[in-house]
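Residues or ranges marked as domain 'Glycolipid transfer protein' in TrEMBL: 2-65.
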Amino acid sequence: MLEMLTLMVEEYKSSADKSKTENLVGVINTAYERSLKRHHGFMSKQLFKLVIHAAPYRRNILKAVALGKDGLDDVCIEHIANHLDNFRINVGVLVDYYLAKKLETPAS
């Protein structure tokens, strides 16, 4: 799940046109495909396809991150991006640990 969150932020940050990412379904789906999907069976994959449509819009998430204040989208995104490098390192260490203990399936 942490790996999926990292991929979601990376996917969003790499999007050239942020207005096209107001609906985060595409961003979430791309992150899911690259992280959790390989662990899920048929029913879980179908359920994810349904549940993903309940994802909040970008503006709602960023407003929550900004503690209810409007107009701070860019500031919030920049703060998230600034912490992403450390977060990615921590997630990488956890994934490596899980791989070493055979608790994780390597990405193909």
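Glycine residues also receive a Cβ, built from the backbone N, Cα and C atoms like all the rest.
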Across the domain 'Glycolipid transfer protein' (2-65), DSSP labelling yields 51 helix, 0 strand, 13 coil
Whole-number mean pLDDT, the domain 'Glycolipid transfer protein' (2-65), equals 87
